[in-house]
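According to TrEMBL:
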TRANSMEM  12-32  transmembrane segment
TRANSMEM  38-61  transmembrane segment
TRANSMEM  68-86  transmembrane segment
TRANSMEM  92-109  transmembrane segment
TRANSMEM  116-134  transmembrane segment
TRANSMEM  154-172  transmembrane segment
TRANSMEM  200-218  transmembrane segment
TRANSMEM  230-250  transmembrane segment
TRANSMEM  277-295  transmembrane segment
TRANSMEM  315-334  transmembrane segment
TRANSMEM  341-357  transmembrane segment
Amino acid sequence: MEQTKNNGKEILYGIALAIILITSLIPQTAIYTRNENALLGIITNSIQALGYLLCLVKIVLSRKEYSINEIIFFCILFAVFLISGFNIQHKFFFLTAILLISTVGADAVSISKISLCIQSVILFVVVFLSQIGLLEDKIFNPETRSRHILGFNWITVAPILFFFICLLYIYIRSEKFKWYEAIVLELINYYFYHMTNTRMTFLLCSVVIIFFTVQSLWKGFFGYLKKLNWVYFIIPIVLVIVSIVAAYFYNPDNSIFLKANSILSGRLQLGHDALHYYKFPLFGQVIIWNGFGLLNDGIVDNYNYVDCSYLQIGMWYGAFVLILLIAIYMYGIYKSIKANNYWAVFVFLFVLVHSMTEPHLINVAVNAIVLLPLSDIRTIEDN
């Protein structure tokens, strides 16, 4: 009977997650962005609300399984997200907390498989339709840095979505991951780079593929890396500090800063300007981000978009939300180390590194890996 209940909750959560992922990704497509009919948005939001309702039901059904410490953490998480949502005028931001809480007790591999399936299908269907003319494939900067939007509302959506798909796939495969799978992943990665010219994501994705391929070919690789467990645990804090300090002290008169800013496509300058203007409120503030997207056809007078997740979350959602998110990832790394699951450890670390230059640390539509730290991570036995 108990096993049946657990299976029922797993199925319920799986359905909820699928609904939320689908309804979160659809608004990032060109057909949704260009659609002027409010009915499509109403339908999408209504279906998404059902997904969050199912998450809430799952939490209620699991209420007797939570420890006192977990309940206290849930209350803090919900309260912080609720207050932050009120301050940034995003009244449904607290739903993200509900999704995170409902993840507790769910199987990490099952979450990854559901996310991988949905994100892969949507990504490749949208890209395919954009290439046969059924979805808009606007080309930005065709004469200098040709960048296809590939059917989405931002140039970077497709390559970044593939980056997270790649991590999910490798996590699912873990010890079974083979070198020939790595070749296929790298070929797809190069395709997205060729079409969108998204350099940072392409390079990091290549590093990810090479890194895990080394482990697949040399089984003792992770054995050596285990000696640095304490380093992995503090890396999230180091990355946040480096991101904030680099932006805060950025000086265009310094040749090193200037070169770094050029390599990062102006991210240091934008982060510096935003950080000095907005600061880090405790519970967030209203910020209108202006970036190059399909909706404005890449024409913006006052571009101010900050790509770094740590800066964007701290300035927009508030310092407390940023602290909670970093704590969640650190908890995931801690659990993974205890479970001897270094595939999970390094998946989390690569997400955190990627978040230094991209704003998807908490964007579930693209980054479903944010759900894994609170889920059940399987233990890997030493051979």
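Using N, Cα and C of the backbone, Cβ positions are placed for all residues, glycine too.
Here the structure is a predicted model, which means the values were calculated and not measured.
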Listed stretch, out of 38-61, 116-134, 154-172, 200-218, 230-250, that has the most CB pairs under 8 angstroms to the transmembrane segment (92-109) = 38-61
Please give the sequence-distant neighbours of the transmembrane segment (315-334): residues at least 6 beyond its ends with Cβ less than 8 Å from one of its Cβ atoms.
-> 76-77, 80-81, 84, 87-88, 93, 100, 232-233, 235-237, 240, 274-275, 278-285, 287, 289, 306, 344-345, 348-349, 351-352, 361-362, 370, 372-374, 377
Sort out the residues at least 6 away from either end of the transmembrane segment (277-295), same chain, that have Cβ-Cβ distances under 8 Å to it, and list them.
-> 30, 33-34, 80, 83-85, 87-89, 136, 138, 140, 149, 152-155, 301-306, 312, 314-322
Given the transmembrane segment (116-134), its same-chain partners at Cβ distance under 8 Å and 6+ residues beyond its ends are 18, 21-22, 25-26, 29-30, 148-152, 158, 161-162, 164-165, 168-169, 172, 366, 368
